Every structure is written in C-alpha cells, then in structure tokens.
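Among the features that TrEMBL reports, UTP binding site is placed at 121, 184, 216, 247, 390. TrEMBL lists 217 with the feature substrate binding site.
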C-alpha cells in the first residue's frame with residue numbers, strides 16, 4: 001500500500017509539473033500575441049487574454065465529467081414553480097413602474113452559417129420579410145408604447161456579428177427603443193495536440209479568422225461588466241435583465257414573471273430565474289435543472305458520465321429542460337463579478353478547421369451560473385415560450401399559418417385543434433435558406449399537420465395543404481413536384497410520384 005501511495009503521489013506530482021509547464025508555455029504565447037496589439041486595442045485585448053488565461057487554468061485543473069452522478073437529486077417541490085401559479089397572482093396597477101426596472105438582453109453572437117447564410121443569424125428573414133432583430137425591436141416598442149415605459153434592448157454581439165449588426169441598427173433610430181450593444185470576449189483557439197494558441201498575433205481577418213472564437217454565452221457576465229454598460233444601467237435604476245437567444249421567437253417579455261421577481265410573495269427576491277419547459281422526444285439532450293449539493297444546478301449532457309447518458313435522456317426521470325430564457329438581478333451580477341465568484345463548468349468544444357487541423361475551444365454557458373446566485377428559482381413555462389429557429393424545418397413552422405404575427409410576437413393559431421407543434425423533418429436539399437425558399441412557391445397550409453418528412457429533390461407548388469402524417473421521399477436522381485393546390489392527407493409519396501395512403 002505504501003509503494004502504491006508513493007507511486008500515486010509521484011503521478012500527481014508529475015501531472016502537476018506538466019500542468020505548470022503548460023500554463024507557463026501558454027502565458028509566453030499569450031504575451032507574444034499581446035505584444036502585437038495596436039495601442040487602441042491594447043486594454044481590450046489584455047482583458048480578453050486575462051479572461052482566457054483563467055479559463056485555461058481551470059481547464060487544466062478539472063478532471064473528467066464535472067458532476068458526481070450519485071449526488072444528483074430531484075429539485076425540491078417549491079424550487080420549480082408552475083407558470084400557472086405565477087400567472088394566477090395577476091398584475092399590480094403599477095406594472096409600468098415595474099417594467100421600467102427591466103432590460104431585455106438578446107444573445108446575438110451567432111452566425112447564420114448552419115442555415116447557409118452569411119452574416120449574423122439575427123438578420124435572417126423569418127416572417128413577412130421581418131428578421132429576428134426586427135421582431136425583437138417591434139415587441140419591445142409595442143411594450144414601451146402600450147405602458148409608456150422605457151425598456152431598453154441590449155445586444156451581446158461577437159466579433160463575428162458586431163459590424164453587420166451595428167450597420168443595421170441605424171434603421172431603428174426612430175423606433176421607441178433604446179438599443180445598446182457590447183461585445184463578447186475574443187479567445188484564441190488552441191491546438192488539440194500542443195494545447196497552445198494557433199494565433200500568432202491579434203489580427204482576426206483574412207487567414208486569421210479561424211484562430212479566434214467567441215467563448216459561449218456564459219461570457220455575458222464578464223463582458224457585460226467589463227463594457228461598463230452594467231454599471232450605467234444600474235445607475236439608471238434598472239434592476240433585472242431578461243436574457244434569451246435571439247433565435248427563440250417565444251422569448252417575449254412576460255409581465256407575470258417580472259411581477260413575481262419584483263414583488264415576491266414571500267418578500268425575498270430571487271437573483272436568478274430559469275424558465276424551463278417539459279421535455280418532448282425532440283428535447284432529450286437539453287440541459288436539465290437538478291438539486292446538487294443543496295443548490296439548484298443546470299446539468300448538461302456533456303457533463304454526464306457515459307454510463308448515465310440514457311438515464312439523463314429519460315423523459316420520465318428528467319421531465320424538464322432549460323429554455324435559456326433567464327431573469328437575472330443586475331446587482332447580483334455586479335457583486336459576483338467583483339468577487340470573481342461566478343462558477344460555470346467548462347465546455348470543451350472540439351473543431352476541425354478547413355485545413356484539417358484539430359483545435360479545441362473552451363466555452364461556458366450562461367445558465368450554468370445559476371448555482372452561484374442566491375435564492376434561484378425555476379419556472380415551468382408553457383412550450384410556447386420556447387420557439388427556437390435552428391434549422392429550415394423550424395423556419396417552415398414559424399412561416400406557416402400555424403402562427404399569427406402581432407406586434408412582433410408569434411402566437412399559435414386558434415384554428416389549430418391541439419397545442420403541440422407538428423414534427424417537421426426537411427432533408428439536406430432544404431438545409432440552406434435560399435434552397436429552402438426556392439422549393440416552396442408558397443408555404444403550405446399546415447393547420448392540421450402532425451408529421452412531415454421530406455427527403456430528396458422535392459418542390460411544392462402554390463396553396464398545397466398538408467394534413468395528418470405526410471412523408472415525401474424522392475429517390476436519388478428522381479424529382480417530385482407537388483402540384484399547386486394539392487391536398488396531401490396521411491400520404492406517402494415515393495420516388496416515382498406514386499401517392500399512397502398512409
């Protein structure tokens with residue numbers, strides 16, 4: 001046992017030496033990169049690289065999955081409240097004064113590349129020529145006009161989206177919404193083998209675009225604080241931010257949740273509220289809220305030991321998942337940021353660059369910080385508050401007559417008999433937005449649709465109606481054109497245009 005203990009001690013000592021060497025090498029490389037920064041960018045770059053150094057230090061310290069599966073418990077009953085209960089409290093007469101304490105923050109760091117678009121994802125047209133950003137501005141403007149309030153919009157951009165977003169913001173200069181922006185950090189990607197940055201200098205244009213990345217939306221706390229905007233908003237009397245992904249069209253300001261935060265029934269304010277919603281089969285990989293070491297904690301699939309992944313995906317055991325609609329107290333962000341006390345698990349995201357080089361990028365997720373805040377709460381909201389548009393299949397749903405658009409908000413049509421959304425799977429011919437738009441002369445009537453699968457070279461004429469379960473599969477080399485005015489109800493349409501009853 002003694003020799004075993006000695007060899008273990010030797011191993012851990014050896015690992016410690018390696019770790020120190022890696023940290024030293026990283027510091028040398030980052031100093032070299034910093035030395036290439038022009039004077040007007042020096043302070044900013046320094047902050048970014050300092051933040052990265054801290055993240056890298058933690059990455060070297062951590063071992064294996066970051067949760068001990070045995071410690072995961074179901075959250076206590078009162079720690080996840082049903083939305084109905086929150087709504088039942090009604091609204092006070094002075095809702096305007098409550099709204100004036102709110103700031104809406106949209107995570108706007110992502111590009112539209114997965115949908116075949118250049119530039120920020122927020123500038124993709126989703127409904128009647130309106131982009132994600134247009135709809136967001138319309139929603140907040142409607143709120144400000146209806147209640148005579150001053151709710152500002154803050155966009156967290158990344159270095160990928162900042163220029164294009166700022167150009168477009170001029171078009172809202174006459175709208176009744178103050179719009180502010182701040183940038184996420186810019187961190188260096190590291191070579192998977194050497195664990196050293198692949199960037200040689202600070203530039204991030206041309207050949208160097210692949211050397212840098214925005215480190216996930218968990219970066220919001222540090223960047224918001226460092227930008228000075230957090231302090232400015234606190235000075236203006238703002239108390240809460242409502243944070244959500246800009247591509248989640250269901251994430252509108254909810255007055256009942258806001259009232260619950262500002263006027264808590266037990267007199268004790270929550271510093272952090274996470275909106276969760278019930279899992280369906282499509283959401284089995286979504287992060288879930290658990291009780292862990294007496295705190296509410298977000299557990300993501302990447303943190304789960306392999307042996308327990310199936311259990312994690314079980315809809316019966318973990319019934320809810322995180323929508324990434326979050327309500328957070330500004331004073332708490334400031335307090336925790338100043339104490340360096342926001343603890344988020346590191347997500348290691350491996351990538352292969354165009355030239356074949358394997359790199360990793362270290363990221364964090366905004367919701368993971370829930371355990372650092374006091375008196376956190378989950379609210380189980382209706383599914384309608386989670387309407388993300390990640391693919392053209394999602395885009396088809398929000399463009400269709402399943403939804404009506406009013407003052408920037410989408411609501412499910414009353415004509416639809418059941419509240420669930422149809423399951424839509426469009427094949428690879430539809431992945432890019434421009435290909436997708438070319439294949440639909442008009443968006444089909446989908447009010448009575450349950451399930452649609454389309455694969456291969458398929459186009460839709462005008463005024464097509466889809467009902468029940470519809471499966472359309474064009475074999476390789478074949479093409480299927482669904483004629484204008486066609487009604488497909490429980491049909492399978494296969495390679496040679498035979499239309500079968502399903």
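Easy rule for this one: first residue shown is 1, then count along the chain.
Glycine residues also receive a Cβ, built from the backbone N, Cα and C atoms like all the rest.
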Long-range Cβ environment of residue 184 (UTP binding site), under 8 Å and at least 6 residues apart: 109, 156, 157, 158, 159, 214, 215, 217, 219, 220, 223
Spatial neighbours of residue 390 (UTP binding site) that are distant in sequence (at least 6 apart) but have CB under 8 A: 114, 247
Neighbouring C-beta atoms (10 Å sphere around the C-beta of the residue listed as 'substrate binding site'): 24
Distant-in-sequence Cβ neighbours of residue 216 (UTP binding site), under 8 Å, six or more positions away: 347, 349, 363, 364, 365, 366
For residue 121 (UTP binding site), the number of other Cβ atoms found within 10 Å of its own Cβ: 24
Residue 247 (UTP binding site) CB neighbourhood, other CB atoms within 10 A: 22
